[in-house]
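As given in Swiss-Prot:
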| type | residues | note |
| --- | --- | --- |
| BINDING | 2-68 | NAD(+) binding site |
| BINDING | ASN148 | substrate binding site |
| BINDING | CYS169, HIS199 | Mn(2+) binding site |
| ACT_SITE | HIS170 | active site, proton donor |
Amino acid sequence: MKKITFIGAGSTIFAKNVLGDCLLTEALNGFEFALYDIDPKRLQESQLMLENLRDRYNPSVAINSYDDRKLALQNAGYVINAIQVGGYKPSTVIDFEIPKRYGLRQTIADTVGIGGIFRSLRTIPVLFDIAKDMEEMCPDAWFLNYTNPMATLTGAMLRYTNIKTIGLCHSVQVCTKDLFKALGMEHDGIEERIAGINHMAWLLEVKKDGTDLYPEIKRRAKEKQKTKHHDMVRFELMDKFGYYVTESSEHNAEYHPYFIKRNYPELISELQIPLDEYPRRCVKQIENWEKMRDDIVNNKNLTHERSKEYGSRIIEAMETNEPFTFGGNVLNTGLITNLPSKAVVEVTCVADRKKITPCFAGELPEQLAALNRTNINTQLMTIEAAVTRKKEAVYQAAMLDPHTSAELSMKDIISMCDDLFAAHGDWLPEYK
């Protein structure tokens, strides 16, 4: 029996999306879905939910939960990763509250920035442990990573383990649809070309019937900027740098040195920047889960429609050899010629029989590559820190971060990092 293992299966809604999609995929009939999570209650809830979907849609699939990660991984062909090390409490709270003491504010803190750095430092060692188990139990399996920070985690796996890894994110697949909806434009029939890095890839070309749509996009965007809306940071970046970025304004507000600034507090209101957005989302998600738990977990009539997630389609392509094209995160093996070779880039990829082939993207416009490099610098130093476990490398990663370095002195950055080390405690390995 072929096997898909889901690590972090206690994320019940996400497990429903990804594994629910797999249940609706004929090519995956007869598979085992192996569930693993460190929270036994959430694991049981996900199993009950998936069993209800299985009974309704695909009785040929076996749903099994494991409290032993190695057994969950044994003979798996595919491993889906959706873990969050340290969770909302204590780790996310720490990532936001300690920087606030230094006057450093954040919105999401899951990619770069000081929060993204420490999320990477917590998570990379756990992924290395998973990789070690995979090398023993399922060395030929594909590792589909959905966990952020995408670039650092995927890069660490690709550079320091033998596991075949692809990083998957939602931003590319919704980029132009959301843009066109916001501007009141028709999305059907467009052709697009996107490349860059995760959460900072660029809509390089967008055409319909051979006509470049960027002039009309920019005209409408400039008009829309005259009133407040939720995507003002991205439109500002497009106005100044010429291209639209894939990830949301709340994310990009903290990837650059321009937007969250103590000396320009008016920018928060002018550009509708939602400070502390991610902690608010966490609280709301927890509250919503309490309300919907019973209807999701114990509902014998639970339904599912195939979602926009890439996971099931990639696995289907590998099983059937029917190609599937998607935006994936891979090592930059000459794919984007003016970005570093150690960087993880987000480019068009094609999945087919047991492999994923990334597509050549060429040279980015120089201003876009320059913006990408500012984040890549921090990403590469963060991986270096996680591998060497040297505090000095952590300090350097933080000092290279665009937002952190624009707001704090070197002395304060080092002090803040030391406070974060102390607060995270055993969620981090020992650094020297």
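From the backbone N, Cα and C atoms, a Cβ is placed for every residue, glycine too.
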Proximal residue to CYS169 (Mn(2+) binding site) among binding-site residues ASN29, ARG56, SER65, ASN148 (C-alpha distance): ASN148
SER65 (NAD(+) binding site) versus HIS170 (active site, proton donor) - Cα distance in angstrom: 27
SER11 (NAD(+) binding site), number of other Cβ atoms within 10 Å: 20
Local Cβ density at GLY20 (NAD(+) binding site) - other Cβ atoms counted within 10 Å: 26
Around the Cβ of ILE38 (NAD(+) binding site), the count of other Cβ atoms that are within 10 Å: 14
Site with most surrounding Cβ atoms, counting all protein chains shown within 10 Å, from the binding-site residues GLN47, ARG56: GLN47
Proximal residue to HIS199 (Mn(2+) binding site) among binding-site residues SER11, GLN47, ARG56 (C-alpha distance): SER11
For ASN148 (substrate binding site), the one of GLY20, ASN29, ILE38, ARG56 that lies nearest, given that the binding-site residues are compared by Cα: ILE38
